[in-house]
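Per TrEMBL, these features apply:
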type     : residues : note
DOMAIN   : 5-137    : domain 'EamA'
DOMAIN   : 147-273  : domain 'EamA'
TRANSMEM : 6-24     : transmembrane segment
TRANSMEM : 36-58    : transmembrane segment
TRANSMEM : 78-111   : transmembrane segment
TRANSMEM : 180-199  : transmembrane segment
TRANSMEM : 205-228  : transmembrane segment
TRANSMEM : 240-256  : transmembrane segment
TRANSMEM : 262-279  : transmembrane segment
Amino acid sequence: MHNLRGAILMILSMGFFALEDMFIKRTTETLPIGQIMMVSGLCGFALFSIVVALLRQSLFPAELLAPAVMLRNGSELLAALSFFTALSIIPLSSAAAILQAAPLAVTLLAAVVLGETVGPRRWMAVGIGFVGVLMIVRPGTGAFEPAALLAVFSVLALAVRDVATRVVPATLSSMQITQWSFGIFVPAGGILLLFGPGLQPMDAATSLTFVWIVGCGAIGYYAMVMALRMASLSVIAPFRYSRLLFALAIGMAVLGERPDTLTLAGACLIIASGLYTLARERALFSEA
């Protein structure tokens, strides 16, 4: 296990995902969710197919039919669909805050399904991080409008995806996993368009936005997959919280959002819990 490298990759991944979320939110103002998924999926799939081909790896590996891979890709699709829809309705900061429940769900699944050891101190740190999330989301307030439930559902789907990633066949490379993470968006987006407004025209500015969406998503996905495959889930899961800090910064700088004192205090708790988790893991490793 390379927990420190995994943590750094996870933080990098979350930064690019926060940028991707911002561009997606802007794009939903003019395009339907299905078109966003289909176009971004097609571009990302084409990009990583080229990389996979250059690496002389199979574009259609037999491992895609493995139960763990199918579970992972299905969960990926459900998570993206629900979160993209939520992002088009609720503020970026609210969506990012709800998404921070994912590390708690991942840690629980890692302990129950994979048998990873999580001591009481790390459980307490994750719990404190969840308290920070509650300080930002504030149940019973505007953050829990109906569309926010879609973001909650995406949290559950992401947890399943992350656990499934750890048990996919070792012969399937991180590039191939990322390639098909984008690939499944294409048919899903097409199906949504059949039941929605259909394809909408895109101007040059919108097309350029898709370049940013695909670029940020590609880097984010690859860094995340690498992190999940090289490090302990229970250690790197709290570093998903960094996505909230990136989202808050982007919301303030780009979208004009102004988080209050309670929101900032909650964010500090979340980050502190992640840093403590890594410090505790390193201390336990040194004692072993």
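Backbone N, Cα and C define each Cβ position, glycine as well.
Unlike curated records, TrEMBL annotations are generated automatically.
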- Query: If you count Cβ pairs under 8 Å, which stretch among 36-58, 180-199, 205-228, 240-256, 262-279 touches the transmembrane segment (6-24) the most?
  - Reply: 205-228
- Item | Tertiary contacts of the transmembrane segment (205-228) (same chain, 6+ residues out, Cβ under 8 Å) | 5-7, 9-10, 12-17, 19-20, 23-24, 26-27, 30-31, 36, 39-40, 43-44, 47-48, 162, 165-166, 174-175, 177-178, 181-182, 236
- Query: By DSSP, what is the split of the domain 'EamA' (147-273) into helix, strand and coil residues?
  - Reply: 100 helix, 0 strand, 27 coil
- Item | Overall pLDDT of the domain 'EamA' (5-137), taken as the mean | 86
- Who are the long-range neighbours of the transmembrane segment (180-199) in its own chain, taking Cβ under 8 Å and residues 6 or more past its ends? 32-45, 47-48, 64, 69, 73, 76-77, 80-81, 217-218, 221, 225
- Query: By DSSP, what is the split of the domain 'EamA' (5-137) into helix, strand and coil residues?
  - Reply: 108 helix, 0 strand, 25 coil
- Task: Give residue numbers and ranges for long-range contacts of the transmembrane segment (240-256): same chain, 6 or more residues beyond its ends, CB-CB under 8 A.
- Result: 10-11, 14-15, 17-19, 21-22, 25, 91-93, 95-97, 99-100, 102-103, 106, 129, 132, 136, 263-264, 267, 270-271, 273-274
